[in-house]
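*Asks:* Pasting the relevant annotations from TrEMBL:
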type	residues	note
ACT_SITE	His195	active site, proton donor
ACT_SITE	Glu327	active site, proton acceptor
BINDING	Asn93, Arg94, His195, Ala196, Tyr197, Asp263	beta-D-galactose binding site
SIGNAL	1-21	signal peptide
Amino acid sequence: MSKFLVILYVVWLAASGYVNGSIIKKEKDQIRVFELKKGDLTLKVTNWGATLVSLVLPDKYGKLGDILLGYDSPEAYTNDTTYFGATIGRVANRIGGAQFTLNGIHYKLIANEGNNTLHGGPRGFSDVLWKVIKYQRDGDRPIIKFSYHSFDGEEGFPGDVLVTVSYILSEEWSLSIVMKAKALNKATPVSLVNHAYWNLGNHNSGNILNQVVQIFGSKFTPVDDNLIPTGNFSSVQGTPYDFLKPQVVGSRIDQLSKTNGYDINYVLDNDEDEIRVAAIVTDKRSGRVMKIATNQPGLQFYTANYVKNEKGKDGFVYQPRSALCLETQAFPDSVNHPNFPSTIVTPEKPYNHLLFFKFSTTHAPHGFSES
């Protein structure tokens with residue numbers, strides 16, 4: 001009987017796309033890169049993990065540059081451990097103890113960071129092939145829309161879920177990301193994130209310590225030694241987490257020795273607004289400015305603390321603090337904290353995550369004002 005179960009498990013691994021830990025050749029052969037272009041902004045994405053590969057736009061001198069960390073080859077993303085540019089799910093960030101209880105049923109997930117589940121598990125949405133269901137390269141509204149059917153029991157999560165992610169260049173120097181999910185038969189937690197690593201000075205310009213960040217969150221969710229939220233809320237005032245006014249990233253980062261930098265969830269202000277400004281980033285050297293708005297309650301600020309000797313585009317080797325991640329999201333481990341905004345999705349209550357980026361330069365703003 002046990003031998004039969006082993007055979008069944010091997011068959012399941014093959015059907016899931018894994019044999020001996022590697023992706024089957026058929027799946028690799030379907031990996032593609034797609035380009036969206038509007039004016040002098042060019043975006044590239046891949047159907048592996050519905051991942052952002054590059055975003056090229058001018059600096060204040062008119063010189064084009066790529067402001068996303070990543071790899072030269074789309075196949076390289078299949079071995080990525082940094083989540084460069086990926087769509088994260090079924091539940092982004094951490095779930096404490098790799099478990100939760102929903103509607104009286106206890107669910108045990110697959111742990112992949114100590115005893116916890118990180119970014120959906122060992123094979124989350126960042127490590128699957130997505131289907132392209134709409135693609136328009138240029139014109140008035142360049143768009144690509146991906147879909148993925150997450151099966152009941154995938155990484156331990158309940159229910160089938162149909163997920164779509166759209167990347168849209170609807171206005172000049174802007175990027176919209178729309179992430180949707182519909183539970184098909186069971187209630188389940190869903191929290192999707194885009195895990196872009198931004199460096200407004202160009203992906204190969206070195207660290208981001210001199211870039212200036214403003215985060216519109218007056219509270220954060222403190223964490224324990226395993227980076228799991230305690231369930232409390234703390235004020236940013238008097239702490240290195242205070243970015244209510246624009247601050248140079250490197251000015252207080254060395255006070256965070258435990259995590260080697262920033263890795264914390266902010267509670268965004270103005271929660272009465274459907275869409276709220278979450279953060280503004282400025283790089284004085286290039287003159288680039290990035291403004292982020294969302295309908296989500298939280299923002300994870302991460303300074304690439306654990307990226308080390310990662311060979312990226314053009315052979316450039318990325319190191320810690322080489323990028324900023326500003327991930328709009330639900331709060332981490334929400335499924336285990338009733339006082340956090342709910343992440344439970346049902347057939348009657350779908351998931352809808354809106355994320356907007358507006359880019360400008362200090363001498364020639366486009367769209368959002370600086371005020």
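Placement of Cβ uses the backbone N, Cα and C atoms for every residue, glycine included.
Remember, TrEMBL labels are computer predictions, not curated facts.
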*Asks:* Count, for each of the recorded positions Ala196, Tyr197, Asp263, Glu327, the other C-beta atoms lying within 10 angstroms of its own C-beta, and report the residue with the smallest count.
*Replies:* Asp263
*Asks:* Reported as an integer number of Å, what is the Cα distance between the residue listed as 'active site, proton acceptor' and Ala196 (beta-D-galactose binding site)?
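*Replies:* Between the Cα atoms of the residue listed as 'active site, proton acceptor' and Ala196 (beta-D-galactose binding site), the distance comes to 8 Å.
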*Asks:* List, in sequence order, the same-chain residues at least six positions removed whose CB sits under 8 Å from that of His195 (active site, proton donor)?
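*Replies:* The answer is Tyr83, Phe84, Gly85, Ala86, Thr87, Ile88, Ala92, His119, Ser126, Cys325, Glu327.
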*Asks:* With the beta-D-galactose site defined by the record as Asn93, Arg94, His195, Ala196, Tyr197, Asp263, how many Å span the farthest pair of C-alpha atoms?
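*Replies:* Max span of the beta-D-galactose binding residues, Cα based, is 18 Å.
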*Asks:* When you measure from the Cβ of Arg94 (beta-D-galactose binding site), how many other Cβ atoms are you left with inside 10 Å?
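*Replies:* There are 21 of them.
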*Asks:* Among all the protein chains here, how many other CB atoms are within 10 A of the CB of Asn93 (beta-D-galactose binding site)?
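*Replies:* Other Cβ atoms found within 10 Å: 25.
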